[in-house]
Amino acid sequence: MTLLNKSIRYYVDFDQWGINAFNSNPIETTKGFNEALIYASENNFPIVEVPKGNFIIDSVNTLNQRNPEIGGGIKIPSNMELLLDPEAVFQVNPNGYQGYSCFYIGLAENVIIRGGRIIGDRYQHDYSLIDTDRKTHEWGFGIHVHGSKNVLIENVQISDCIGDNIWIAAHGMMNYPGMVYTPSKSVTVRKCELKRGRRNNLATNGCEGLLVEDCDIEEAGGDTIGPQLGIDLEGYGENGRKYDHPYELTISDCRFRKNGRGSVTAHTSGKVSIKDNYCDNVISYGYSTDVSIKGNKIINEGGSKEYGIDSVGVSSTETGNRIQITDNNIQGFKIGMMIRGKGVSIDNNTVKNASNCAIATHMAEDVSISNNRIQDSDCIQIQVRNSSDIKVSNNKGKGTTSAYAIKVMDSNDVKFLNNTFSNLYGGLYCERSQAVRIKLNDFLLSGKGYGIYWDKDSEVFLTRNEIFEPRNVAIMGAADMYNIRISDNQIYNCKAIIAIHLIGGSEHMVRGNEIMFNRDSDQGYGIYLNGTKKVRLIRNDVQGIGARVLSHPFATFNASSTTLIHNTYDSGTPRLALDDTVIDYK
């Protein structure tokens, strides 16, 4: 070591400062560490080294009865790098207070803490003392960053705190009368191991510029309090006003395992990047804005879990979410992705082994779902519910024994374009939804469901879809409420008795459809109208394969005032109503 290196490093002498390195004398030990750090700071030592030892830390600030975590434990001053030996172990002295801080970085700047191990008192804590305002004992922290900036926490092991193992907080609150808001800024947590935080493993309520990377984050929660997350980005606002707002946050290349209620939640935050992490539980964008969830492996190989990616909606302080969900691999959840809120793009993800639904929207608006792959998921592939302005395009899925590939319920302004689904029970099922456009989709059916179905309260437009081997009606609709358009669709190897069946309503257009039957027996109705009025059938073609004979390629006898123009067929005879108009249909 050079003389220059010696001159900038201060080595803590335990005897000089009355520090006990053998698990005793917590008050004297804590006092000694604080005095040593003050001495090093006042004498301009930028680096302080702590040798190995086992230290009991008095982490409670008893002078602050309301918030004993503020100013508790070892207080690190500005402009200091604290190097802890890998075998330096700091144990919180068991106590009964609502909060504590083993290490406290308050209104400081340019602070680094590296190495060492911090252990909370979770399993020795006295939870019996109940304060009228703070009843849950959830404010005990391993490292507490409070209104500080330019902070690096690296290669530290932290476990078993009664609150969060690392808590990164603002000093004060935004938009609160009489209070000055000082967020923490530019905080990095790197290569740390965080385990068994009773509330969360890491959380922030007010940080501008947070990077958490290459950390192992495990086993948060396990008690009655929440949220029990690996990382909780937990801003707060109500009635259109922000009080806490984490901002410009990146969670990257971390490994999340066995965290009680989820891996990462961006509850009410802004400009968040969650990328390239391994998780075994849910990532949620909550109410947040400008969030990117990219390249994560979200793989559940344990028990039943609800969501791979989840959400809540739009915050009262915002007009939308603006979310990007791309390139993720999601496996083993009931629902792969649950999309809520406004302004969400879901692109190029893989969802595997979903059991209830692969991708779902609920109370969502302005959503694009595109280029996703759904594998080994015997369930609804894509569901749109209580949503509007939804586009679903270029997705691919297969393999349902009792579920439709797509379900639409109580929604409007929904477009399905160029999706491919195979080996299906049924294609698309629509209820109580309007302005549903279904175009250029492929449905290869193997079950007894409909190819495309809608109820009497739905408005649909079907264009250029291909339906293969339907065993039930290929296109079926109870069209009472709206005028329906069915054009240029192709139905191949239809094994059902009816290919297109319309019930009720008036002035529908059925144009340019190609229907190919391939039944094991005679009979078959190409287009069957029941209770409709003034429907136009134009240039549709109905064909039977082999020697089987169709009954009636066009059956309008239970309808009225149908107009048939230039329709063609190769077997059977049309069965028409007396008031139909026919123009060269063969």
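Every residue, even glycine, has its Cβ placed from backbone N, Cα and C.
Database features (Swiss-Prot):
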- 108-147: repeat 'PbH1 1' (REPEAT)
- 148-170: repeat 'PbH1 2' (REPEAT)
- 184-206: repeat 'PbH1 3' (REPEAT)
- 207-235: repeat 'PbH1 4' (REPEAT)
- 246-268: repeat 'PbH1 5' (REPEAT)
- 288-313: repeat 'PbH1 6' (REPEAT)
- 320-341: repeat 'PbH1 7' (REPEAT)
- 387-410: repeat 'PbH1 9' (REPEAT)
- 411-432: repeat 'PbH1 10' (REPEAT)
- 435-456: repeat 'PbH1 11' (REPEAT)
- 481-504: repeat 'PbH1 12' (REPEAT)
- 505-531: repeat 'PbH1 13' (REPEAT)
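Contact between the repeat 'PbH1 9' (387-410) and the repeat 'PbH1 11' (435-456) is supported by 3 or more Cβ pairs under 8 Å, counting only residues 6 or more apart in sequence. Within its own chain, the repeat 'PbH1 2' (148-170) has Cβ neighbours under 8 Å at 69, 84, 86, 92, 99-100, 102, 105-123, 125, 137-142, 181-207, 210, 232, 244, counting only residues six or more beyond its boundaries. For the repeat 'PbH1 13' (505-531), the residues of the chain that approach it from at least six positions outside its boundaries are 456, 474, 479-495, 497-499, 537-546, 548-556, 558-559, 562, 569, 572, judged by C-beta separation under 8 angstroms.
Long-range contacts of the repeat 'PbH1 10' (411-432) within its own chain (CB-CB distance under 8 A, at least 6 residues past either end) are made by residues 381-382, 384-405, 438-455, 457-458, 460, 467, 472.
For the repeat 'PbH1 7' (320-341), the list of distant contacts is 282, 285, 287-301, 304-314, 347-367, 369, 374, 377: same-chain residues at least six beyond its ends, Cβ to Cβ under 8 Å.
Sorting each residue of the repeat 'PbH1 9' (387-410) by its DSSP state yields 0 helix, 15 strand, 9 coil.
Model confidence over the repeat 'PbH1 12' (481-504) is summarised by a mean pLDDT of 97.
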